[in-house]
Amino acid sequence: MFVRFGKLGDAWYVFGKMLERDVFSWNVLISGYAKKGFFDEALCLYHRMLWVGFKPDVYTFPCVLRTCGAVPNLERGKEVHVHVIRFGFEADVDVINSLITMYVKCGDLPKARLLFDKMARRDRISWNAIISGYFENGEYLEGIRLFFKMREHWFDPDLMTMTSVISACESLGDERLGREIHGYVIVTGMSADVSVCNSLIQMYFSLGCWETAEKVFDRMEWRDVVSWTAMISGYENNVLPDKALDTYRMMELHGFVPDEITLASVLSACAYLGKLDMGIKLHELAKRTGFISYIIVANTLVDMYSKCKCIDKALEVFHSIPDKDVISWTAIILGLRLNNRCFEALIFFRQMKVSLKLNSVTLVSVLSACARIGGLMCGKEIHAYALRTGMALDGFLPNALLDMYIRCGRMGPAWNQFNSQKKDVSAWNILLTGYAQRGQGKLAVEFFNRMIKSNVSPDEITFIPLLCACSKSEMVTEGLKYFNSMELTYGVTPNLKHYACVVDLLGCAGQLEEAYEFIQEMPIKPDAAIWGALLNACRIHRQVELGEFAAQRIFESDRRSVGYYVLLCNLYANSGKWDEVAKVRKMMKDNGLVIDPGCSWVEVKGKIHAFLSGDDFHPQINEINALLEGIYEKMRLAGLGGPKCDSMDGVEISRAEIFCGHSERLAVAFGLINTVPGTPIWVTKNLYMCQSCHSTIKFISKIVRREISVRDTEEFHHFKDGICSCGDVEILGKALTNRTSERN
């Protein structure tokens, strides 16, 4: 009685007071400790029983062997196997079944199979034990063969057999076999069982056959919370978040209370769709039901809040998790990166390293943050760590390393990484993007041709940087040739992003009428990004009327993207329409839109330093300002005019500096002060570089004889001897619409 109620202390007290004990007394106590998870205590009791002279019976060995398998402890299990033989129970079916299960749990499949093959008499449990054993150890094909052999020996499988066989079909990814097993389930009448149907739903979803999973679900007479959860998580895994949320609402209407897996799946769907309101309600439900204590729910909440741009709420949930695992840390690091708080992401990463072992997913997230702010040394540390731990070729990590070197402007190390890894289409695309960012159209075309010669088929992503590179280099003929060959030659159907690239290609080259006609003739409805590309071209070439028309089309579908307001402001500013600039700024304010403050990062001696626009709190700010004032004076003496006013006051705003912030000047000056002469300076910026900053840094590179690289939100500007690699073409927001579309 005490054992059944889990009162092991009381059971032990009664057992200790017994003047006489029999083998049943020992079996009950051993079983009680084993069921409560005190495996070592159960095994000690078994040895104590032997020591005081009690002979085990057929009920003793199954319990003790289950304990050995649960630990798992193969050596103890082998020892008990010897006892089975010594006490003469090697012919008992129940004992041998327990031995098979023990060897399976301990990973010794050959020994388990040997025992099974030698059995003179088998029952259904024997077959289930060996079949599930193969499945548990990843030997799915052999397990399936044994299942069919079981049928040949006229043993009817039970529900346990069928659920494990269906799960094996899922693991094998064999749709044909899965459907055959489904047919057998229907013939044998097992399709009425909830657990079997739940396994079928999970199998079909994993095979991508979600419509068949729906049919299984719809035909179920009885459903439990696992059934609903299988549907919700299946939709979520198959990137059908709308269906996941609809199913959850139906589940609520049918009166089912979600479990922790349900909540995690629904929260993931909310994260994908940006459904913050529903996510908040689920958070409140998790608090009321206590599911917030499950780490899977807390981790998914961190992810949901991060993707819904509520990073402070994500941090709040993260800090409330008592025992954070690798997924918790990875979720918050990635969340900080998604919310452009990369500096903090690196701080969290260093805290994480102290107590937890990193995995490749974490490293990919951190490398993304390094790439964003130009953290080359941190990226190199991660690369070295990946090489030491043997993770350098795991999953997406090689391409993440390649992307980090490209975004940090190091084409040499990027090429070394490219040549040392598997060259899949993603790797080629990343390098192609590097050439596009540098405006190196001819090199991009040469690299694309090399990719084709290497028998790597381009995908839809490949053509985006290729077309962008052609646009920046004003290679209109080549760009149109590649666009027209996408479907005919490479079997890639153009999507909206490709059409936007072509509009940008034509527009930047001054062919505005052709760009507008191209939009009119598109086979698919243009989105905001298409019209944004046209608006950008109108800004460059000061075509106000057509630009206003494009802006009207944009704001019909998208009033939340700041980038389009930036373009319209610059269009009016370029044309001297300051009243219109003020109206757009008011429109932004009324819509609650805020432009990110300008921020630039520079890496000096392995440490990243951040500078915000108008930063007066840096410890070296007086030295920085003094250095810049000296440079401005030299510019005036040289007849270059010095820096322009960066006032943001209504009509008087300077068109060249509307959305710059000039933080890169502070970063460059800091680099000059804190590095030895001749050392290159690498700066990364979160906004566009204005003409004033561009001219200032060109001048600095000439007078100090240093190479200075500034990567703004669009491209690399490599300054040397007073010359910039961009050729001084149209600074500030050259292709903002494409970037805005990518962020969306």
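One is the number of the first residue shown, and numbering goes on along the chain from there.
Even glycines carry a Cβ here, placed using N, Cα and C.
What TrEMBL lists as domain 'DYW' is 655-728. The repeat 'PPR' annotation in TrEMBL covers 22-56, 92-122, 123-157, 193-223, 224-258, 424-458.
Here the repeat 'PPR' (193-223) has Cβ contacts under 8 Å with residues 159, 162-163, 166-167, 169-170, 173, 175, 178, 182, 185, 230-231, 233-235, 237-238, 240, 254, 256 of the same chain, all six or more residues outside its ends.
For the repeat 'PPR' (224-258), same-chain residues at least 6 beyond its ends with a Cβ under 8 Å from one of its own Cβ atoms are 194-195, 197-198, 201-202, 204-206, 208, 210, 213-214, 217, 265-266, 268-270, 272-273, 275, 278, 285, 289, 291.
Broken down with DSSP, the repeat 'PPR' (123-157) shows 26 helix, 0 strand, 9 coil.
Within its own chain, the repeat 'PPR' (424-458) is flanked in space by residues 398-399, 402-403, 406, 411, 414-415, 418, 465-466, 468-470, 472-475, 478, 482, 490, 492, 711, 714-716, 718, 725-727, which lie at least six positions past its ends and keep a Cβ under 8 Å from the stretch. Sequence-distant contacts of the repeat 'PPR' (123-157), counting only residues of its own chain at least 6 positions beyond either end whose CB sits under 8 Å from a CB of the stretch, comprise 93-94, 96-97, 100-101, 103-105, 107, 109, 112-113, 116, 164-165, 167-169, 171-172, 177, 188.
Secondary structure of the repeat 'PPR' (424-458), assigned with DSSP and counted as helix (H, G, I), strand (E, B) and coil, comes to 26 helix, 0 strand, 9 coil.
Helix first, then strand, then coil: DSSP counts for the domain 'DYW' (655-728) stand at 28 helix, 16 strand, 30 coil.
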